[in-house]
Amino acid sequence: MDPKGNAFNGKFWIQLKQAAVIVNGGVLLFAGMNLYKGSEKFYDDIVMPLFQLFSPETSHNISIKLAKYKIVPKQQKPDPPSLQSKVWGRKFPNPLGLAAGYDKQGEAVDGLLKMGFGFVEVGSITPEPQPGNPQPRLFRLKEDRAVINRFGFNSDGHEVVYERLNQRKKQEKTEGMPATYVGEKRNMLNVNFWTETEDEREKSIKSLSWLKVVNRRKEMKDKVENGILGVNLGKNKTSPNAVGDYVKGVYKFGGLADYLVVNVSSPNTPGLRSMQKREELSNLLFQVLEARNKLTVNPKPPLLIKIAPDLDEDEKKDIAAVVLQPKTRVDGLIVSNTTVSRPDSLQSKHKTETGGLSGAPLTSKSLETIRDMYALTKGKESLSDCPCPGRPKSCVNDQTIASMKKDIDEDPHISVQELRDTNGLSYGTVHTIIIEHLRMKKVCAQWIPHLLTVDQKRERVRCATELLNIFERHGPKRLSNMVTGDETWFPFFIIPPKRLNCIWVDGQGDRPIVSRPGFQSRKRMFTVFFNYSGPLVVDILLQDTTMTAIYYVQKVLSQVKSAINEQRPKVRTSRTLLLHDNAGPHKARATTQSLRELGIQVLPHPAYGPDLAPCDFWLFPNLKDRLTGWKFDGIQDLAKAMNSELRTIPEEDYQGVFRKWQIRPKHCIKSHGEYFEGLRKFHVRIITSLENTEQLSKHIDPPSYSMKCRRNISMFTGEVPIVGVGGVSNGREAYDKIKAGASLIQMYTALVYHGPPVIGKIKREMDELLRQDGFSHISEAVGVEAMKER
């Protein structure tokens, strides 16, 4: 109390107010950091309980608005290379996606991708706007970790959603030239290529001969947010022409979507599930596939159908038979939608509500459906249960098997057609005997870079041993200090392989015309250096210029030095480990002295060692494959394309190459210096048994071998990729679906109960389970349960 008798003076209230501001600010800062980082405990204890104070649909709408404005936690670390997937020719950063039904109107695609999903599916979208079923239509079954919904295809309609997604596409960053440094010491790309005088040529070399890729962090952000988008198509409730509704959707969204889904399994639209019957489904798929094939976009989007988990055995077989027919063959199945069944184990008071049930109770049912559809569309049953008409199943017997084995032993080059004609069998029966009974495959002789001498093999083993010791001594932490680079020639036109020059035509169709460049075809030498983070320097050797030691030191290594110093300003080039081959400019005295002055250690590399150099075994083949079929009018176009392709390769791909590089010296040592790339053992033998896995393991990794064998088998069994969905809330449940036959996974209900942190948790657990089972990549685990049974 002050002398005047006041209990609290003004100063105290000011201090109390300041303290309150500080405390509130600290609370907000703490909450903001946990929200941004996606703290699993913070979401479970605070955020999700707050969301559940609102009605289910209100909470859902709030979450969509937050994702729309990207007020969501951002994925903190890149996905591990083991989870990267390639399906339908498209690269998925990870196999975990968001199922349709969450972002029905395509409002929050970028925000959802930002959270860490490998792909997002929007919809279902109907041609005309419709409100769906009356509210309430979404119910939480908290005791059962489940949700029941009966939305009924509430949709803004094709036009509104199309404009929304098209606007998103327009906002994507176009891949142009990166930021440049203008001046004599730093620049990006030659401009004045064709010069008449030596002075002008030297000026061009000094000022405009470098191309450098910068700002990797921003590029990664753009790539993540412009990820894989699927569009789920539905029909209007009162539409007189259901098939026409789906055809309209294909035409409308075919140019925007990375894949399209025909949803014929929602339980909340009257009569929709009847379209899963054989005749109706065949008619539907024939028309939507015809519409898809008429699209002018390239590549055309894959077309999938989404089926129910409540199918009986005959219905599953009917669907499999339809999707394997040539005229109605889809690109994939989504297994499965919500279920109308109600297990006896349900405890919630909402368990009797009408609608589709999703979440934990659906886990086992969807897993069983995935196993069944995988077996019917890819596994053993797809051949043995569907013999060719007019040919009895008894054609596969001991006599025909022995006859074919004798023919193959006498002539390893014999063709399938010759085996068919000789034994009087169908193509399908011949393939069945070769794969399932003789367990053989046909391979071509493999080209190798050089026929190695004994001394060259010894030198390769010596360098591999020394390189392996360096890797083991420095450990994984020093991968970021490693730099590699090399030169290669890029022609202005790379001839596509023969299979890409073939097209199907009608009886009157003409053959396509492809120009064959002569021996004097224009080409230009590129020098590329990259490290653990991505590209460092790309140099274009100008016309009439020779790669010499002086050029290499003054023009190439100087730029490498500047790029490293910029990335690591504290340590600069010290402790850098460099790998380049034994070319003359690389081994010259001037080069060696320059590297020594920079404190750069040169890693050992043998002559004739392309399988030990990342540029040769990964980067250059990858780039040339990407540029195959493109014809460039000049060096500027070729350089821009090179830069664009280098920038589209994810940073995690570069990191994965450096990690795999550490394993290659072991292969070289095990093969006693021989080339070990691919199936090295099969240089001479054309047909071999798949049972010699023990001998094969001495030359290549067992996981990569098993993956190659699985691909070969699936060539003849009609593989249809499966997207598994239903009851995924942890890594084990997702991984079980992968092993059952799913190539990709989707989730929905787990997001309702656990929030965004569950995405990262599932991916981490899947990666750990892969390592425990000895797999190096997710694709190796697809369908392993079916392969074991088989």
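Just so it is clear, glycine is given a Cβ too, placed from its N, Cα and C backbone atoms.
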For TrEMBL, the entry region 'Disordered' belongs, out of 340-362, 409-431, to 340-362
Taking helix as H, G and I and strand as E and B in DSSP, count the residues of the region 'Disordered' (340-362) in helix, strand and coil. 3 helix, 4 strand, 16 coil
With Cβ-Cβ distances below 8 Å as the criterion, list the same-chain residues six or more beyond the ends of the region 'Disordered' (340-362) that contact it, or say none. 137, 139-150, 266-268, 309-310, 726-727, 729, 748-750, 753
In this predicted model, what is the average pLDDT of the domain 'Dihydroorotate dehydrogenase catalytic' (714-770)? 86
